[in-house]
Amino acid sequence: MAGETGLFTVQQTIGSVLCCKCGIPMAPNAANMCVKCLCSEVDITEGLQKQLTIMHCPDCESYLQPPRTWIKAQLESKELLTFCIKRLKNLNKVKLLHAEFVWTEPHSKRIKVKLKVQKEVLHGAILEQSYVVEYVVQDHLCESCSRVQANPDQWVASVQLRQHVPHRRTFFFLEQLILKHSAAANAIRIKQMDQGIDFFFSNRSHGVKFVEFIGKVAPIRSRQDKQLVSHDSKSNVHNYKHTFSVELSPICREDLICLPPKVAVSLGNIGPLVICTKVTNSVALLDPLTLRHCFLDAEQYWRTSFKPLLTSRQLVEYIVLDIENVSTEVNVSGSKYILADAQIARVSDFGRNDTIFNIRTHLGHILNPGDYALGYDLYRANSNDMELEKYKGLQLPEAILIKKSYEEKRQRKRGKPRSWKLKSLEMEVDDKDQGRAEQDKMHSEYEQFLRDLEENPDLRFNISLYRNREYQPSEMTDGEDGPSVPLEELLADLDLSGGDGDNGMHE
C-alpha cells in the first residue's frame, strides 16, 4: 500500500536489553529478566503436589476415587490420566497446558505424569514450566473384591436363567453371545443347573446389567426378589441378597407352532401352522405353505405364552423323490426361500411300504431330487395341542419339511476334527448328579449345535469362532462333504497361557 502511494516505510527493529541479574542480552519483558533468571527467582509450581498416593485394586484393575468410588482404568489410558489430574490439589492456581505419562516399569508401583503449566508472574510476565508428578500405587482390594476373597460364595445378586424345554440348544448359543460381549465378566461364580444356568454377582447393579443384556438377545420375562441378610439398627444399614428369576421363551428355532386364533388374527391371519426361523429379542415366524412371515416380540408372546406343537427332537428324515418350484425366490429376514411342490417318502419306510407324500415346502431353493431332508411327520403324529383343536375343519399337511439333511455326507468326515472351535464359560458342573445317559445326551446336543453353526451362516453371525490348532487339512478335497465354516470367518486364538477353551443363542 505504501509502495502504491509513493511512500516508504522504515523497518522497525526490536532492541535488546541486558538482564538485570546476569547481564546477557535479551528481548525486553515486564520483569527485565531472562527466562533462566526468572525461573530461579519465581517457581510457579510452588505449592503444587509433586507426589501422591493412590489406591489400586489388583483384582478388578480399578482405582479409588475418594471417598468410595472405584474407577476402572488401564495403564497409560485417557481415563487414568484424567483420574490422576483430578486427584491433584491447587492445580486451579495455574493454567494446565499439557499432560503426558512418563514411562515407568510396570512392577515399580509408580505412575509418573509430566505436566506443563503456565502462570502470570512479576509485572505481567507469563512463565511456562514443566514438572513431574509421581503417584505411588498401593494395592488395596475394593469392597466387592474383598468380599469375594473372603468368601467366594458370599454373593449379593444371582441371576437364574431357565428354559422349560428338554434340550439345551438355547443355552449353547447364549453362552457364545455372553462370551463375545463379555456380559458375565463380573460374575464371581457360574453354575450349570438342570434346566438352565445360575450367575452369581457381588453387586446388584451387575445383576441388573446382565438381565438387561439377556433381554436384548432373547424373549424373556423376569421377576426380582430380595431377602434381608443383616440389619444394623444404629446406622440404619440393610444388607440384602437379590435374586433375579429369568425365564426364556420355550419357542426355539425350527419348532413347529400352532398359533392361537387371537394371535393369528393379530398377525394378519398368518398360519395357523408356522415355523420359527429365528429367535432374538423377538420370534421370527414363517408360514411354509405361503411364505408369509411376521415377528412376534416378547411382550406379545408372554401375553399368550403358547408352546410349540412339535420340537426339533421330533424331526423325521425324508428323501426327496421329485420337486418342482411354484414361485420365485422370496427374501425373508435375510434368508431366501422358494415355494415348491415336492414328492417325498420317509427313509424308515424304504423296504417296508410304498407310502409317498405330496406336500408343499419352502425349501425349493436348496432341495433337489435324491436329497435328504428333516421334517415333521404330521401323518402319524398324535398331537394333543389345545390350540390346534380350536381350528375346526383345519386340514393338516402330511408333512412339513424344516431343513436339508447332510447326515449321509457327514458319515465321510466322522471322526475328523473340525478346523474351528468354540470357547466356553467356566461353569461349575456337578458330574455326580449327571448319569452316563445324561452326559451322552449333552454331548449329542452340543454336536448338533455345532452342525447347526456349519449349516446356517446367520446363526454364527454373532458368534466368535476360533481356529483349531490341532486341525490338519487332508490331501483330499472335501468341499462336497457337507457344509463347513469358511476360513475367513475364523479368529486367531490369542491364549498366552497355552490352554485351549474347547466348548461352546441361539435358538
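Positions of Cβ are set from backbone N, Cα and C atoms, glycine also.
Those TrEMBL annotations? Automatic predictions, nothing curated.
Keep in mind that this is a model prediction, so the values were computed, not measured.
According to TrEMBL, the protein carries these features:
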COMPBIAS  412-421  compositional bias 'Basic residues'
COMPBIAS  432-443  compositional bias 'Basic and acidic residues'
COMPBIAS  498-507  compositional bias 'Gly residues'
DOMAIN    19-248  domain 'Nmd3 N-terminal'
DOMAIN    251-294  domain '60S ribosomal export protein NMD3 SH3'
DOMAIN    315-404  domain '60S ribosomal export protein NMD3 OB-fold'
REGION    412-443  region 'Disordered'
REGION    470-507  region 'Disordered'
Check your understanding: What is the three-state DSSP composition of the domain '60S ribosomal export protein NMD3 SH3' (251-294), stated as helix, strand and coil residue counts?
Key -> 6 helix, 17 strand, 21 coil
Revision key, fill the gap. Residues in the domain '60S ribosomal export protein NMD3 OB-fold' (315-404) per DSSP class, helix first, strand next, coil last, are 7 helix, 42 strand, 41 coil
Check your understanding: Which value does the mean pLDDT take for the domain '60S ribosomal export protein NMD3 OB-fold' (315-404) in this predicted structure?
Key -> 87
